[in-house]
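Colleague: Just passing along the structure, written as structure tokens.
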Amino acid sequence: MAKPNALSLYQKVELQRPLQRALDVTIFFLLLALLAYRLLLVRTHGLCWLYAIAFLCESWFAFFWALTANLTWTPVQYQTYPQRLLKRVEEFPPVDVFITTADPVLEPPIITINTVLSLLAVEYPANKLACYVSDDGCSALTYYSLSEALKFAKIWVPFCKKYTVEVRAPFRYFSDNLSSAGSPEFQYERRRMKHAYEELNQRIEDAAKSFTFGNLVGDLADFSNTKPRNHAPIIKVIWENKEGIRDGLPHLVYVSREKRPNITHHNKAGAMNVLTRVSGLMTNAPYMMNLDCDMFVNNPDIILQAMCLFKDPIIRREFAFVQFPQCFYNDLQDDPFGNQWIITMQLTMRGMAGIQGPAYMGTGCIHRRKVLYGQSPNEANINEKYYDDELYKIFGNSKDFVTSATRVLRSVEDYPNCLADSTKATHEVATADYEHNSCWGSKVGWQYGSIVEDILTGMLIHKKGWKSAYLTPTPPAFLGCAPSGGPIPLNHHKRATTGLLETLISRNSPIATALFDKLQFRQRMFYLWMYLTSVQAIPEICYALLPAFCLIANFHFLPKVQEPVICIPLLLFILFVLRQMLGYIETDQSIRAWWNNHRMDMIKSMCSCLLGVVAVLLKILGLSETTFEVTKKESASSSDDTESSDRDLGRFTFDESPMFVPITTIMMIQLAALSIGFLGTQPGRREFGVGEVTCSVWLVLCFWPILKGMFAKGSYGLPWSTLFKSSALAFLFVYLCRMSTK
């Protein structure tokens with residue numbers, strides 16, 4: 001029997017998926033066969049622009065499929081053993097936790113404090129934990145809510161640890177019916193906690209109505225006459241664990257960095273870098289975990305599980321960061337909006353873990369501080385590499401911060417200090433112009449230059465040769481609330497695709513640095529796949545218009561039924577659908593969930609991806625700048641949902657956004673093409689075949705929510721302005737198609 005100290009703290013398990021591999025290879029060779037068929041057509045019938053467009057689109061699909069198959073070719077799963085860690089490690093490393101919020105209206109403080117409370121109650125020594133809350137909205141209400149939440153935390157955290165509560169976000173815990181479970185003492189304590197939480201919630205709601213922000217006094221005086229984009233830095237220590245009590249409460253610090261109208265603040269990446277500097281002066285923990293304000297801790301052992309990978313003495317592999325999946329608690333049956341990301345989190349990310357590691361997703365991640373300070377793997381000492389003047393050029397002009405950064409890069413442990421003594425120095429590193437003439441956002445910290453700073457930061461870490469790990473514990477590490485269907489998730493997707501395309505055409509592109517970085521070949525293929533999803537809309541829209549053109553102009557671009565080569569596109573369609581369905585069956589989802597996600601992928605491609613491409617083109621032309629849009633955060637309980645309310649929640653909503661114009665236009669074109677094709681108004685003998693009709697019908701089925709929106713009213717219906725623009729564009733397309741036959 002192995003000795004306890006000889007056992008590893010984690011195990012890397014390779015997952016075998018031979019059927020999926022066989023399907024991936026078969027589909028790829030069928031795509032190549034389809035391309036060969038196109039080339040033979042050119043040889044026998046001459047060059048035709050219709051076949052040329054089909055060939056270009058299908059070439060793209062074959063290339064993109066190779067990138068896609070690479071993602072899940074060698075999936076792995078990490079199994080951690082926290083109990084071995086507890087027996088082996090006496091002194092745990094400190095961890096600084098960053099929680100970011102930007103707007104008290106779009107991100108209500110009650111959501112933020114639930115995330116904070118769930119974090120303060122994790123199973124980790126309180127004297128080794130510090131929580132920093134970044135408020136980019138400079139809201140007195142957010143600060144007041146955190147101060148009130150601290151009072152509740154003093155009774156909530158001991159309650160959670162005494163009774164081993166699993167879900168430690170109060171709003172979720174009290175949404176479950178546990179009235180008949182547990183001892184009388186537990187029931188009494190639970191009722192007391194629930195009453196205290198309801199009072200906390202009420203105080204925050206009352207404060208939101210009664211605050212007069214121009215006349216704040218006392219601890220809130222610093223917020224008087226401040227504006228979200230024009231204010232001095234505000235840093236307040238809400239709670240300090242001065243005695244270093246292991247079972248007490250972790251540090252809680254409020255941070256609102258300085259903002260000025262004439263200085264670029266770099267959105268979330270800028271806020272994260274300020275938190276890095278402020279925490280570096282106060283606690284300087286070697287590990288940093290960051291969370292979005294709406295992603296509460298669902299598994300109290302989560303930091304212990306991450307430490308199993310960071311601190312394993314047997315498998316001496318240094319991971320740059322450990323990423324956890326993004327999971328959601330408000331899942332509707334069969335995922336009608338395709339926003340649960342189950343396939344991405346359970347299959348794609350595990351596939352990446354088998355290469356160089358998962359991408360950094362912006363939340364639910366624990367980083368090594370020294371990695372974000374620019375250190376490369378196996379770089380143990382900075383004495384020989386840096387002089388003091390170089391350190392100031394890299395980290396800025398704060399002597400105190402340069403000293404703290406040097407200790408991190410030398411792997412020297414910091415001793416606990418009084419947080420209040422660091423307040424003056426933290427104000428200096430939180431000013432709006434501190435990063436001027438430094439390397440923040442380029443060589444150290446979270447990276448600037450893209451509104452998807454998370455993906456860019458993770459990629460540059462991988463380019464240095466670092467590896468990352470992906471942990472999928474049970475229960476899930478973090479839970480959030482997925483946005484409802486309609487404009488909100490599409491706007492979020494548009495923001496992501498815009499940022500990805502920005503990175504693709506920048507100097508940080510994985511193509512541009514191929515000869516100089518340390519990205520593994522397959523990891524480079526992954527990043528290419530991610531960035532190229534932003535331009536996937538162009539070949540998909542072109543291909544979607546081909547069957548409509550054929551129906552209107554009486555042509556064909558697919559083989560006819562009587563031709564033996566018809567088996568190629570037919571097999572492609574069947575095997576592609578089967579390959580997708582296998583993923584949903586493997587992740588315990590229904591066939592209906594596959595269909596919902598498939599149609600939402602099509603809708604996103606035609607809506608948000610296309611507008612993301614347009615936004616980047618306008619930026620290149622100097623006509624506009626890409627902007628970071630804060631999406632509205634929701635907090636809902638799924639415990640009281642009825643079947644009828646689920647149907648309402650599953651309905652698509654629309655607004656006057658131009659995103660809905662392209663897809664509505666395509667829907668109208670398909671309907672017009674099918675009408676013309678079946679009415680037989682084309683001149684001469686019918687040339688189009690079953691393939692073209694099937695493609696158009698399939699697109700109509702995929703875009704069924706759009707068709708329903710054309711006839712619905714209110715928020716469930718498409719606005720008249722969208723219908724008018726789409727009708728004009730569809731009429732123009734039909735007219736041009738008919739003119740091409742003359």
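Every residue gets a Cβ built from N, Cα and C, even glycine.
So TrEMBL lists these for the protein:
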- Asp136: active site (ACT_SITE)
- Asp454: active site (ACT_SITE)
- Glu107, Asp136: UDP-alpha-D-glucose binding site (BINDING)
- Lys268, Asp292: Mn(2+) binding site (BINDING)
- 21-40: transmembrane segment (TRANSMEM)
- 46-67: transmembrane segment (TRANSMEM)
- 561-582: transmembrane segment (TRANSMEM)
- 603-622: transmembrane segment (TRANSMEM)
- 659-681: transmembrane segment (TRANSMEM)
- 688-706: transmembrane segment (TRANSMEM)
- 718-737: transmembrane segment (TRANSMEM)
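Mind running through what each feature is packed against?
Modeller: Counted within 10 Å of its Cβ, the other Cβ atoms near Asp136 (active site) come to 24, all protein chains included.
The Cβ of Asp454 (active site) has 23 other Cβ atoms within 10 Å, all protein chains considered.
Taking all protein chains in view, 26 other C-beta atoms sit within 10 angstroms of the C-beta of Glu107 (UDP-alpha-D-glucose binding site).
The number of other CB atoms found within 10 A of the CB of Lys268 (Mn(2+) binding site), across every protein chain shown, is 22.
Tertiary neighbourhood of the transmembrane segment (46-67): same-chain residues 24, 27-28, 31-32, 34-35, 38-39, 525-526, 528-529, 532, 536, 539-540, 542-543, 546, 549-550, 555, 557, selected by CB-CB distance under 8 Å and a gap of 6+ residues from either end.
Residues 338, 490-491, 493-498, 500-502, 505, 533-538, 540-541, 544, 658-660, 662-663, 666, 702-703, 705-706 of the same chain sit 6 or more residues outside the transmembrane segment (603-622) yet have a Cβ under 8 Å from a Cβ within it.
Sequence-distant contacts of the transmembrane segment (688-706) (same chain, six or more residues past either end, CB-CB distance under 8 Å): 544, 546-548, 550-551, 554-561, 566, 569, 598-599, 602-603, 606, 652, 660, 663-664, 666-667, 670-671, 673-674, 677, 718.
If one looks beyond the transmembrane segment (718-737) by at least 6 residues along the same chain, the residues whose Cβ comes under 8 Å of a Cβ in the stretch are 545, 548-549, 552-553, 654-656, 660-661, 664-665, 667-669, 672-673, 676, 706, 709-710, 712.
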Colleague: Please report the Cα separation of Glu107 (UDP-alpha-D-glucose binding site) and Lys268 (Mn(2+) binding site) in Å, rounded to an integer.
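Modeller: Counting only the Cα atoms, the answer is 14 Å.
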Colleague: Could you give the Cα-Cα distance between Asp454 (active site) and Lys268 (Mn(2+) binding site), in whole Å?
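Modeller: Cα-Cα, rounded: 9 Å.
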Colleague: Determine, to the nearest whole angstrom, how far the Cα atom of Asp292 (Mn(2+) binding site) is from the Cα atom of Asp136 (active site).
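Modeller: Cα-Cα, rounded: 13 Å.
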